[in-house]
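Look at TrEMBL and you will find 1-29 tagged as signal peptide. Summarising the annotation, TrEMBL assigns domain 'Multidrug resistance protein MdtA-like barrel-sandwich hybrid' to 65-208. According to TrEMBL, the domain 'Multidrug resistance protein MdtA-like alpha-helical hairpin' annotation covers 106-175. Taken from TrEMBL, the feature domain 'Multidrug resistance protein MdtA-like beta-barrel' applies to 212-303. For 307-366, the entry in TrEMBL reads domain 'Multidrug resistance protein MdtA-like C-terminal permuted SH3'. Taken from TrEMBL, the feature region 'Disordered' covers 372-393.
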Amino acid sequence: MPEKNFLGRAPRRVTLAAAFAALAAPAFAQAPQGQRPPVDVTVVTIQRRPVPVTTTLPGRTTAYRTAEVRPQVGGVLRERLFTEGQAVTQGQPLYQIDPAPLEAALASAQASQARAEATRRSANTTVNRYRPLVAARAVSQQDLDTAEASLRQAEADVASAQAAVETARINLTYTRVLSPLSGRTGRSNLTNGALVTAGQAAPLVTITQLDPIFVDVVQPSAALLRQRRAIAAGTLHRDSADTATARLVLEDGTEYPQPGRIQFTEVIVDQGTGSVTLRAEFPNPDGLLLPGMFVRARIEEGTTDRAFLVPQQAVLRNARGQPVAYVVKPDNTVEPRMLTTDRAIGTDWLVTSGINDGDRVVLEGVMRLGPGARVNPTERPAQAAANPQRTGG
């Protein structure tokens with residue numbers, strides 16, 4: 001009988017507890033949002049201000065100038081006058097070719113010139129002698145004409161001989177091979193005693209000018225179109241219409257200290273990649289940059305005053321992957337805003353729509369919010385927005 005009484009009382013207690021829970025649950029579930037305690041959040045006030053817009057593009061370094069040094073006369077290399085890999089200046093001697101054959105050629109040309117000048121003097125004397133004799137009918141006019149023709153031929157021979165002497169003199173100077181530009185030498189392809197010929201296929205050495213140096217970067221043609229349209233529409237401003245500033249990030253992740261400038265943009269789009277090549281020029285006084293290095297160029301497209309910087313921490317993604325931020329209204333309730341983002345700049349998003357000047361955006365505590373939630377906002381200075389890292393793309 002005690003077991004019966006125990007079993008009989010238990011159902012009544014369960015029934016009363018279930019009834020109380022059923023009555024209480026709707027009251028909690030239907031409590032208005034405003035009766036919930038406000039959520040402590042940190043907000044940042046978004047201000048409209050000029051924002052530098054940059055894009056990061058891959059590129060490679062290219063020598064400013066390169067010269068393959070070849071002999072202009074033939075002969076035997078007598079001496080190399082530089083150290084491989086050293087810096088040389090324009091006009092500095094690099095090789096000495098045996099000058100003896102060309103010295104002899106110069107002497108022969110000078111002798112031919114002397115002979116031609118002697119012939120001219122003789123022809124001139126004959127003409128001067130014949131002219132008065134023609135008047136006296138002692139010499140025929142035909143003889144005078146022949147003498148004058150011989151004089152003109154002798155004068156032409158003198159001019160030809162003078163040109164031959166000058167050519168021989170120039171060829172003799174070519175036996176000393178000079179650097180055509182200032183730069184750094186590569187490996188010498190020939191050694192002392194080698195026979196060289198004028199204009200041979202293999203260069204003696206290659207000289208590369210490294211200061212300044214070019215960087216060729218590749219930009220999608222669609223991005224270039226957007227940039228030019230933004231400049232034409234006035235939404236993107238540039239100090240100079242022709243040039244843009246660029247900075248380099250090297251292969252080890254460090255930033256190159258010297259800024260550069262975009263020199264030109266190719267007028268042809270690569271059909272295979274759909275991109276155009278931009279060439280930037282950078283000073284390279286220490287020779288840190290070498291041709292062929294892979295770099296990333298951060299190019300300043302211009303400045304926009306029609307966008308806002310919103311910290312990435314404050315931006316969520318909805319089920320469709322669209323960017324959303326919670327904005328605190330004057331009554332300290334929040335509303336979600338759909339954003340249109342252009343690119344990342346440092347730790348911020350560059351937002352072109354969805355945010356107004358002076359909006360307070362929730363930075364911390366956003367995961368505890370829903371539409372219309374009451375908040376207790378604490379302002380944080382917009383440090384990230386005030387000092388953005390100038391990266392983008």
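The backbone N, Cα and C atoms fix where each Cβ goes, glycine too.
Nobody curates TrEMBL annotations by hand; they come from automatic prediction.
Not measured: the values here are computed from a predicted model.
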What average pLDDT is reported by the model for the domain 'Multidrug resistance protein MdtA-like C-terminal permuted SH3' (307-366)? 91
Which residue counts does DSSP yield for the domain 'Multidrug resistance protein MdtA-like alpha-helical hairpin' (106-175) in the helix, strand and coil classes, in that order? 63 helix, 0 strand, 7 coil
